[in-house]
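Working notes, beginning with the structure itself.
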Amino acid sequence: MDFPSRFEVIVIGGGHAGTEAALASARMGAKTLLLTHNVETLGAMSCNPAIGGIGKSHLVKEIDALGGAMAMATDLGGIQFRVLNSRKGPAVRATRAQADRILYKAAVREILENQPNLWIFQQAADDLIVEQEQVRGVVTQMGLRFFADSVVLTTGTFLGGLIHIGLQNFSGGRAGDPPSIALAHRLRELPLRVGRLKTGTPPRIDGKSVDFSVMTEQPGDTPIPVMSFMGNKEQHPRQVSCWITHTNARTHEIIAANLDRSPMYSAAGEIEGIGPRYCPSIEDKIHRFADKESHQVFIEPEGLTTHELYPNGISTSLPFDVQLQIVQSIRGMENAHIVRPGYAIEYDYFDPRDLKYSLETKVIGGLFFAGQINGTTGYEEAGAQGLLAGANAALRAKGKEAWCPRRDEAYIGVLVDDLITLGTQEPYRMFTSRAEYRLILREDNADLRLTEKGRELGLVDDARWAAFCKKRESIELEEQRLKSTWVRPGTQQGDAIAEKFGTPLTHEYNLLNLLSRPEIDYAGLVEVTGLGAEDPQVAEQVEIKTKYAGYIDRQQDEIARLRASEDTKLPVDIDYTNISGLSKEIQSKLGATRPETLGQASRIPGVTPAAISLLMIHLKKRGAGRQLEQSA
């Protein structure tokens with residue numbers, strides 16, 4: 001039997017975006033080919049050994065709710081789990097896990113290799129086959145031709161990748177891997193806007209040379225959280241601690257004295273790409289925050305079978321001799337041995353405003369982009385885009401309509417809408433602050449928001465669907481039980497509740513009413529009554545929905561009011577220069593972005609509410625005119 005050459009979907013790249021894209025496409029029944037330059041690096045964590053965090057865990061849980069692999073791999077490879085913002089409201093709580101690089105990568109590869117409809121092949125893609133503004137396939141580095149009408153590009157930092165250490169630079173996709181030069185040249189021939197971005201990574205440290213006794217220990221949470229809705233803590237390997245230390249005045253002096261040897265700050269200006277605002281290099285921190293006497297450094301283990309450590313907070317592209325001085329100036333690392341030097345990497349990205357909501361390019365039919373090629377940073381952002389692009393590539397291959405969640409439905413929707421509407425001039429990172437409807441888009445209810453849609457699309461398997469339906473039913477039953485259970489003052493149970501919570505009952509209440517009070521919690525009610533949900537996820541949902549019901553209802557009302565105009569489609573052939581009343585500037589902005597809906601148009605910087613009103617009037621006139629033409 002020959003190796004097949006025709007597929008429905010081809011995915012280029014085996015990182016976090018590529019693996020989720022390939023899995024999503026294959027889960028939906030599309031014959032899918034995943035091309036990777038090295039099978040051994042499928043699912044590799046190129047930078048920090050962690051998944052989740054503020055805003056990011058929301059994306060991971062949404063990927064999971066849609067059947068993706070990231071959360072499951074994290075549960076299988078996670079060596080420390082914590083809930084961030086645990087004392088704050090549920091909208092901003094976020095799960096974060098340190099991961100063993102080897103275990104995480106192995107989990108991703110096992111999921112890939114056991115996925116039906118998915119072929120994995122080790123070859124770099126050097127060229128795209130494009131005919132009449134439609135992608136038809138790819139050509140690999142050894143001239144093999146694979147054909148598909150949907151191709152997903154998830155190239156990470158490999159497009160024209162250039163690694164910098166001090167004033168020296170060399171080509172690379174990441175340390176130890178070659179860049180994609182031929183494919184970068186091919187993409188620059190397409191009518192797409194292209195730019196350069198930069199990211200960086202710190203030197204890795206040998207843990208045997210570190211004195212942990214002078215650092216602050218940071219253990220994981222107890223009880224241990226899980227990342228996947230299908231996960232359990234028994235899946236976790238051995239749990240370990242992280243450690244915290246700080247830079248100091250000596251560290252800052254070393255950096256300041258050597259800025260002229262930095263590729264970012266030297267007179268030569270070796271790096272032209274813009275780096276991530278929210279994950280700056282240590283030289284950036286010293287330059288931008290000169291008044292700060294120290295910066296935190298989180299010492300994170302790379303895995304259970306290695307002594308290698310990741311010093312989170314000192315990403316740098318300074319020369320190796322300076323890196324060594326920096327590391328050894330930090331408390332606890334005076335005798336530290338560097339295993340791998342830190343570096344910065346520049347790479348090509350393409351303006352995401354040239355994409356549709358489906359992540360398909362506007363100019364080449366069937367060509368989808370996901371991950372860092374769209375200007376984002378982070379495993380979670382990449383995985384979310386990959387899943388969406390892979391799903392839409394499969395939908396297109398089957399002749400079905402594309403799908404993207406709205407801003408009020410998912411952080412994935414916020415991410416995509418921000419990218420294709422606003423574009424980005426620097427690596428884009430997700431935060432909860434980017435979402436208008438944070439209380440509805442919590443990490444804990446991602447499955448309740450998305451799993452039903454995932455099942456409809458073919459992304460969710462039978463086991464996940466059965467577990468979801470059971471959970472949803474259990475929530476409804478528990479709410480009904482609380483609503484129908486009444487407590488009277490003066491009874492044994494009423495007195496027990498009053499004593500437990502310091503809240504005398506003035507009249508008869510049902511348990512749901514009592515739970516809505518800020519001083520009463522679900523666990524306390526269970527303790528007093530002896531009854532409650534066994535599943536902690538069910539208990540959590542019941543408590544959050546009850547306590548925040550008023551706020552949630554207000555957000556839902558606001559969403560309903562805005563939805564009509566939000567979803568109003570703008571014609572593909574609309575000519576903004578013919579709409580009277582629009583300024584030249586706004587005509588230009590609308591023409592450049594080509595928004596798909598009124599809602600997207602309203603979020604373009606500089607497009608005023610008055611301009612949106614003019615667009616609505618134009619659409620009504622256009623609709624009335626077409627009705628007259630049809631009646632004639």
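Note that Cβ sites are derived from N, Cα and C of the backbone, with glycine treated the same way.
Quick look at what Swiss-Prot lists:
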- G13, G14, G15, H16, A17, G18: FAD binding site (BINDING)
- 275-289: NAD(+) binding site (BINDING)
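Counting only the Cα atoms, the space from A17 (FAD binding site) to E283 (NAD(+) binding site) is about 29 angstrom.
In this structure, the C-alpha atom of H287 (NAD(+) binding site) lies 35 angstrom from that of G13 (FAD binding site).
Note on proximity: of the binding-site residues G275, R277, S281, E283, K285, the one nearest G15 (FAD binding site) is G275, by Cα distance. Its own atom aside, the Cβ of G15 (FAD binding site) has 30 Cβ atoms within 10 angstroms in the protein chains shown. Separation of the C-alpha atoms of E283 (NAD(+) binding site) and G18 (FAD binding site): 32 Å, rounded to the nearest whole number. Here the C-alpha separation of G275 (NAD(+) binding site) and H16 (FAD binding site) works out to 20 Å. G14 (FAD binding site) sits 26 Å from S281 (NAD(+) binding site), taking the CA atoms of both as reference points.
Residue density at K285 (NAD(+) binding site): 18 other Cβ atoms are found within 10 A of its Cβ, drawing on all protein chains shown. H16 (FAD binding site) and K285 (NAD(+) binding site) are 28 Å apart (CA-CA, integer value). Comparing S281 (NAD(+) binding site) with G13 (FAD binding site), their Cα atoms are 26 Å apart once rounded.
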